[in-house]
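These come from Swiss-Prot:
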BINDING   R191, A192, G193, R194, T311, N335, S523, R584  CoA binding site
BINDING   G387, E388, P389, D411, T412, W413, W414, Q415, T416, D500, R515, R526  ATP binding site
BINDING   V537, H539, I542  Mg(2+) binding site
MOD_RES   K609  N6-acetyllysine
Amino acid sequence: MSQIHKHTIPANIADRCLINPQQYEAMYQQSINAPDTFWGEQGKILDWITPYQKVKNTSFAPGNVSIKWYEDGTLNLAANCLDRHLQENGDRTAIIWEGDDASQSKHISYKELHRDVCRFANTLLELGIKKGDVVAIYMPMVPEAAVAMLACARIGAVHSVIFGGFSPEAVAGRIIDSSSRLVITSDEGVRAGRSIPLKKNVDDALKNPNVTSVEHVVVLKRTGGKIDWQEGRDLWWHDLVEQASAQHQAEEMNAEDPLFILYTSGSTGKPKGVLHTTGGYLVYAALTFKYVFDYHPGDIYWCTADVGWVTGHSYLLYGPLACGATTLMFEGVPNWPTPARMAQVVDKHQVNILYTAPTAIRALMAEGDKAIEGTDRSSLRILGSVGEPINPEAWEWYWKKIGNEKCPVVDTWWQTETGGFMITPLPGATELKAGSATRPFFGVQPALVDNEGNPLEGATEGSLVITDSWPGQARTLFGDHERFEQTYFSTFKNMYFSGDGARRDEDGYYWITGRVDDVLNVSGHRLGTAEIESALVAHPKIAEAAVVGIPHNIKGQAIYAYVTLNHGEEPSPELYAEVRNWVRKEIGPLATPDVLHWTDSLPKTRSGKIMRRILRKIAAGDTSNLGDTSTLADPGVVEKLLEEKQAIAMPS
């Protein structure tokens, strides 16, 4: 695997990069051998009100999982993201907003964003929200979503952002679990030309008899669409901020005061409210942003993630703003109204750094050159990928077509629970291999272990664990520390278990193979679904694939592949045989799919993650309990897949 084609560091990157290979090695060694010294120094990336004396105080020990960083220091996140930039860079653009409709866009300076955040902070205080209260934010991708988040941080309220694609049931569950006192929403959201009934969803969520904590709903007017109104409870955003003062002194917060709760789907039971605190989280978000994207002042940065996901928290807002960057916020989708929309936005705003997801990349790849038609993308310097392992074919297409063969691709592996990047290239320090997340970030100590938790050395494959803490690590699950310990620290003692499997090659590069529960065991051989999917997608006629295991009398598990073809391609018996032979040739006979299920679309969450749990159930013919489908972008896909399944002959 180490013999795979390596992409060397381009000269234009090497000439001005923040970290070169020698610096990476020296800094990484210090970060794991002397974490107090290293993180004590790196913590200075922020402005502290009371400087910290203690740096690291952490334990992964069974029954005593405790994570504290900079615990005697005080600061305010919003002051670090706004106030400290005003004197020298107040007129610099903080947020470029690009609407769903390309004719709508605006630039908001640091000065203007600071004013809006102070006004909304005063509004929250007027509504009786105080330090420690939880505020639910259910908004579209508009600047006011950022204003609401920063205003919460400014007064010390804990925000719980709920992705705008979630159903009323999902919204209610998150409000109940966090006891939110206030909900901030919009009349409607806009996405790919369609309106999304956000206020109606909130109204429906609040009808749940178990929602008892909410006192008010603040509503932003985005479309002017018709909505129901409950006097006394519902309040217009514009009415409130008009009367609010633009003067506000940011609240002094302890580094370990809660900053936000973000719910992530559990494979079983209710969603998990991942809790991040203020100091360590922001140090880590700022430092990873600066070094992984090789950020230079003046760069225009675009992260396509929604604020409802951790990527939107750390790398659309907090990391970039802490560094004084210009961050682009996009309301739309990358391939609407034309497949070239993403490339058009890059050209329009002269984007230098683009961070998006493999799902978007594969969707554009299926369109071929239409995805870049009429654009030159010459402003781009760095590309990034997030959300799932990227298959080498999509990586190469992204590098070649979007980045004109000159932009390093930082393939970042991390999770909601990690707060920031864990395994990732650094543009000036890492030679790249398509499909590999490469090397750990500073302070991150990954290891591969076998099923008993024994460390595996050298080039090998196993479960990916982290053996010591890092500042961005989640501190607990909201209101359920026992579940936190059970979920992340009980599988392997004294280690954080990511739930992912990985392979390490001869160069020490890590290749994420997917969730450990996405590893198939075919005739005693372990096969990562990501590897089979990658082979399928490498076929010139295939746009997307998802592979699951189904029970098999002889092999233990058989391979069931859902396959979406490129536009203009049609399924046929000949293609069926061709695709099976293709995988056999790419990986070996063991990996040959037993079943190919042709389909137009896969069940995905709004963030583009494929819901494999549902695919496993459908493939196995188990439709008794498909679980929570409220997070699906298009719940109708499930019915369609079930219908298609009826016509498929299953292996015995």
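Keep in mind that glycine also has a Cβ here, set from the backbone N, Cα and C atoms.
Everything Swiss-Prot records as a feature, shown here on the structure.
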residue: R191; record: CoA binding site; Cβ contacts under 8 Å, 6 or more apart: D100, P140, E331, G332, V333
residue: A192; record: CoA binding site; Cβ contacts under 8 Å, 6 or more apart: D100, G332, V333, W336, P337
residue: G193; record: CoA binding site; Cβ contacts under 8 Å, 6 or more apart: D100, W336, P337
residue: R194; record: CoA binding site; Cβ contacts under 8 Å, 6 or more apart: none
residue: N335; record: CoA binding site; Cβ contacts under 8 Å, 6 or more apart: R341, M342, A360, A363, L364, E367, A371
residue: T416; record: ATP binding site; Cβ contacts under 8 Å, 6 or more apart: L262, T264, V274, W309, V310, A474
residue: S523; record: CoA binding site; Cβ contacts under 8 Å, 6 or more apart: I554, K555, G556, L590
residue: H539; record: Mg(2+) binding site; Cβ contacts under 8 Å, 6 or more apart: E578, V579, W582
residue: I542; record: Mg(2+) binding site; Cβ contacts under 8 Å, 6 or more apart: L536, V563, T564, L565, N566, V579
residue: K609; record: N6-acetyllysine; Cβ contacts under 8 Å, 6 or more apart: T359, G387, E388
Within the chain of R584 (CoA binding site), which residues six or more apart in sequence place their C-beta under 8 angstroms from its C-beta?
A591, T592
For a quick check of understanding: given the listed CoA-binding residues R191, A192, G193, R194, T311, N335, S523, R584, what is the maximum Cα-Cα distance in angstrom, as an integer?
49
Where among the binding-site residues T311, P389, T412, R515, V537 do you find the Cβ with the fewest other Cβ atoms within 10 Å?
R515
I'd like to know which of the binding-site residues P389, T412, V537 sit within 10 A of T311 (CoA binding site) at the Cα level.
none
Could you give the Cα-Cα distance between V537 (Mg(2+) binding site) and T412 (ATP binding site), in whole Å?
21
Cβ neighbours of W414 (ATP binding site) where a neighbour is any other Cβ within 10 Å:
25
Suppose we draw a 10 Å sphere around the Cβ of G387 (ATP binding site). How many other Cβ atoms does it contain, all chains included?
19
